[in-house]
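Report on the structure given below.
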Amino acid sequence: MKVSLSILTADFANMESSLHDALEITDYVHMDIMDGEFVPNISIGPAFVKAIRKITDKPFDTHLMIMHPQNYIKQFVDAGSQYITFHVEADCDIKKTIDLIKSYGVKAGISIKPKTKVEDILEYLPLVDMVLVMSVEPGFGGQSFMMDSIDKVKALKELKEKNNYSYLINIDGGIKDSTAPLISPYVDLAVSGSYVCNAENPKERIDILHNL
Ligand SMILES: O=C(CO)[C@H](O)[C@H](O)COP(=O)(O)O
């Protein structure tokens with residue numbers, strides 16, 4: 001299982017020194033973008049994402065937890081994102097937003113909140129490069145993993161194999177040593193934030209997730 005390191009709970013003032021070794025071995029860097037409307041929190045914007053691009057060349061897996069993703073795609077492409085994922089619950093035309101992301105030559109992902117079912121995104125599965133299952137209510141790092149997300153990634157893997165779809169299966173929220181083995185048979189990558197960033201040795205935590 002690959003790891004996408006969420007920097008949401010990192011020490012923003014000392015990102016380079018505190019996460020240097022972890023950034024060396026992570027597979028992706030997960031950017032949590034929150035607008036205070038789609039979720040009850042505000043996080044970082046394109047300028048911050050662009051600044052992080054200076055300290056790592058790892059692919060950016062940018063997660064838009066925003067109500068109107070269609071208005072901000074280009075800014076996050078220009079900031080250095082390789083994957084841009086938005087929510088099916090957002091206020092936008094889903095297919096047009098997928099096309100817009102792809103029109104900039106980056107990969108498009110769709111995400112579902114805990115109360116949204118896999119059945120609700122079936123029509124988009126042939127179109128996307130990534131499906132991101134939220135295993136916590138989006139908005140804050142450090143929450144507990146929701147067990148019913150296991151059935152969702154399992155279903156997505158079955159659908160992918162049955163239909164020969166090409167999307168990566170990703171999961172986000174509460175991923176650590178005790179929860180990763182529950183989902184690792186079904187996902188291609190998993191987002192981990194506080195488990196890595198709040199550790200004394202963040203690199204060691206990514207090693208643990210890689211080797212589970
Ligand atoms: O999208 C998020 C919150 O909305 C975060 O990416 C996610 O919660 C990761 O943090 P942690 O590993 O601490 O749960």
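For all residues, glycine too, the Cβ spot is worked out from N, Cα and C.
TrEMBL does not curate its annotations; it predicts them automatically.
Within His63, His68, the residue that TrEMBL lists together with His30, Asp32, Asp172 for binding divalent metal cation is His63. Of the residues Ser6, Ser17, TrEMBL places Ser6 in the same substrate site as His63, Gly139, Phe140, Gly141, Gly142, Asp172, Gly173, Gly174, Gly193, Ser194. Cα proximity to His30 (divalent metal cation binding site) (within 10 Å) is found for the following binding-site residues from Ser6, Gly139, Gly141: Ser6. Among the binding-site residues Ser6, Ser194, the residue whose Cβ has the fewest other Cβ atoms within 10 Å is Ser194.
Residue with the densest Cβ environment among the binding-site residues His30, His63: His63, by other Cβ atoms within 10 Å. Minimal Cβ crowding within 10 Å, among the binding-site residues Gly139, Gly141, Gly174, is found at Gly139. For the binding-site residues given as Asp32, Asp172, the lowest number of other CB atoms within 10 Å of the residue's CB is seen at Asp32. Taking the mean position of the Cβ atoms of His30, Asp32, His63, Asp172 as the divalent metal cation site, the remaining residues of that chain whose Cβ falls within 8 Å of it are Ser4, Ser6, Leu8, Met31, Asp61, Thr62, Met65, Thr85, Leu132, Val191, Gly193.
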